[in-house]
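Novice: Reproduced below are the annotations present in Swiss-Prot:
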ACT_SITE  ASP468  active site, proton acceptor
BINDING   LEU347, GLY348, ARG349, GLY350, GLY351, PHE352, GLY353, GLU354, VAL355, LYS372  ATP binding site
DOMAIN    341-620  domain 'Protein kinase'
CARBOHYD  ASN56  N-linked glycosylation site
CARBOHYD  ASN125  N-linked glycosylation site
CARBOHYD  ASN167  N-linked glycosylation site
CARBOHYD  ASN201  N-linked glycosylation site
CARBOHYD  ASN223  N-linked glycosylation site
REGION    24-256  region 'Legume-lectin like'
SIGNAL    1-21  signal peptide
TOPO_DOM  307-668  topological domain 'Cytoplasmic'
TRANSMEM  286-306  transmembrane segment
Amino acid sequence: MIRGLLLGIIWMIFCVCSSFQQETPFVYNNFGHVDHLHLDGSARIIPSGGILQLTNATNSQIGHVFYEKPIEFKSSESVSFSTYFVCALLPAGDPSGHGMTFFVSHSTDFKGAEATRYFGIFNRNGSTSTRVLAVELDTSLASDVKDISDNHVGIDVNSAESITSANASYFSDKEGKKIDIKLLSGDPIQVWVDYEGTTLNVSLAPLRNKKPSRPLLSSTSINLTDILQGRRMFVGFSGSTGSSMSYQYILGWSFSKSMASLPNIDISKLPKVPHSSTKKKSTSPVLSVLLGLIAFIVLGILVVAYLYRRNLYSEVREEWEKEYGPIRYSYKSLYKATKGFNRSEFLGRGGFGEVYKGTLPRSRELREVAVKRVSHDGEHGMKQFVAEIVSMRSLKHRSLVPLLGYCRRKHELLLVSEYMPNGSLDHYLFNHDRLSLPWWRRLAILRDIASALSYLHTEADQVVIHRDIKAANVMLDAEFNGRLGDFGMSRLYDRGADPSTTAAVGTVGYMAPELTTMGASTGTDVYAFGVFLLEVTCGRRPVEPGLPEAKRFLIKWVSECWKRSSLIDARDPRLTEFSSQEVEKVLKLGLLCANLAPDSRPAMEQVVQYLNGNLALPEFWPNSPGIGVLSPMALSPAPLVIPSLSFSSSSSNNSMFITHSVLYGSGR
């Protein structure tokens, strides 16, 4: 009797535990009576039709639908799954839609995910706390995630940037060719996703067509256990909107752990797509009057909104700006050039502002530009700043990034410069995912920047002190020629005048020791250029706190290598083909320019001759006075002493554009 009672208790425990396990396979022919689904955000079920809606015609929405029970695989089971669903995407305006995804994730928490092209499961940083595999039906074109078109299907792993994608289509076995499908048509589309081993296949077809014999997408390198870091997963759908909107519907859904046991959807039981009928209905007279009244009210609102908007975005033009007319751009032209400062044109964030790519008309062709939006808290100093910007526009040298003009609007200044397609030099020095620049190219860039600095110091109408020379401020044009940019910290003064400024500005590691006492001069630019020479040759930043003390400071480390008669070992280890004599000469020149004593540094005219081989380096040694000695600016907690320092701990400062930092006195 006791034995029977124990067996009964064990059986009851087994039944209770089993009730908490996933129920697979499952099928929903519609969503009229739904169990085991969890909806959040804008997702809802339309009771009248039994249809699942992810988003509607409201901007910046996110909708999720999960099968509420996790799918679990025993250690003896292979991780595989098959799913089949019918969806419909309906435009809600022009432009319309961002599409939707079917996803597999290790959690139902998508905290930090963003709307628009990130589908409510990813974000613009390319990181998410939730590990996820997704199949996207994408109806927008976003260049920052490398979309191939505004009508494609992609496979995403932990990022909105697809590992493989293709334009939406299906293989017709009858016609023996691919036939295009328009995702954002409002017509029902069948989607099959099959995963087994490391292969993921995705197939599409119009409603009532058989599953194609050839998949649209096939990836053979997906390890779902590694992606999810476990054998437990949630499955579901996500959709999102931005300023572009669409209706995203799921009509039916089936899921199984294997293709063989995947249930079919009964197409006859599927709900109809809302708003899909094109049949025109007659309009009653009363309704016509009502619509006319609504139109009149809407028109009045639009007129008021237009007048308000025109006043809100009116430009600031003062009498003293008339002399700068030819280089002043209208706000309207820059707004159109950047597509309304759209995130799709966003290039990055530089000193004190965001930068956007723009396209401006120029005679019979288009000109690509970079437009930086800089905030300015007041009118104090604006006149002087604009005057200096205009003066710098007159600088003409092949190795300078041209400043084209400006626009002023309320408390905002917009600076327009030439667009540099290959970005900033620091990306190629410190981002090891990019191809390393060969030595001959690096040397050519060093000569370009030396020539530009020599021009600023000795050949321009006024002496120009750059004050922020570093790899992040060196841009690369289409031919990878070096161009010196970011004149936001620069100052001009007449020859023979006192060049001292009211505040020490620059980037820690590049700042000469005399900056705090004597102010900026051409000599402080030479010091920074010396550090830049070492930076480019060694492929390292001037100060790297994460390294051992012996290697932490670049100047000191290069000097120590020279003392050990192994100066060539200081070079970037990624350099393969190079002249040892050239590399050692550039390293010695870098130490000479970064001499602690200002009077011992060469002028930029001499530096150009040294680099071009027209002049031999003077004799000096690693133990010579001032050689390899660190500036106190690199050793002390400078930000507490000097109010206007900028730190460059990553290469995100400048990317594919010139970043004009704005500084007036000790303010921003």
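Placement of Cβ uses the backbone N, Cα and C atoms for every residue, glycine included.
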Novice: Hey, how far is ASN167 (N-linked glycosylation site) from ASP468 (active site, proton acceptor), Cα to Cα, in Å?
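Specialist: ASN167 (N-linked glycosylation site) to ASP468 (active site, proton acceptor), Cα-Cα distance: 46 Å.
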Novice: Enumerate same-chain residues with a sequence separation of six or more from ASN201 (N-linked glycosylation site) and a Cβ-Cβ distance below 8 A; give 'none' if the list is empty.
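Specialist: Set apart from ASN201 (N-linked glycosylation site) by at least 6 residues yet with Cβ under 8 Å, we have TRP192, VAL193, ASP194, TYR195, PRO215, LEU217, SER218.
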Novice: Between ASN223 (N-linked glycosylation site) and LEU347 (ATP binding site), what is the CA-CA distance rounded to a whole number of Å?
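Specialist: Per the Cα atoms, ASN223 (N-linked glycosylation site) and LEU347 (ATP binding site) stand 33 Å apart.
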Novice: Distance check, please: Cα of LEU347 (ATP binding site) against Cα of ASN56 (N-linked glycosylation site), rounded to an integer number of angstrom.
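Specialist: LEU347 (ATP binding site) and ASN56 (N-linked glycosylation site) have their Cα atoms 30 Å apart.
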Novice: So what sits near ASN56 (N-linked glycosylation site) in its own chain, CB-to-CB under 8 Å and at least six residues off in sequence?
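Specialist: Result: SER42, ALA92, MET245, TYR247.
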Novice: Where VAL355 (ATP binding site) and ASP468 (active site, proton acceptor) are concerned, what is their Cα separation in Å, rounded?
Specialist: 19
Novice: Tell me the Cα distance separating GLY353 (ATP binding site) from ASP468 (active site, proton acceptor), rounded to the nearest angstrom.
Specialist: 17
Novice: Within 10 Å of the Cβ of ARG349 (ATP binding site), how many other Cβ atoms can be counted across all chains shown?
Specialist: 15
Novice: If you count other CB atoms within 10 A of each CB, which of ASN167, ASN223 wins among these glycosylation sites?
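Specialist: Checking each of ASN167, ASN223, the winner is ASN167.
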Novice: For ASN167 (N-linked glycosylation site), which of the three DSSP-derived states applies: helix, strand, or coil?
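Specialist: DSSP call for ASN167 (N-linked glycosylation site): strand.
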Novice: Under a three-state reading of DSSP, tell me whether ASP468 (active site, proton acceptor) is helix, strand or coil.
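Specialist: Assignment for ASP468 (active site, proton acceptor) reads coil.
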Novice: Looking only at the domain 'Protein kinase' (341-620), what is the mean pLDDT?
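Specialist: Result for the domain 'Protein kinase' (341-620): average pLDDT 86.
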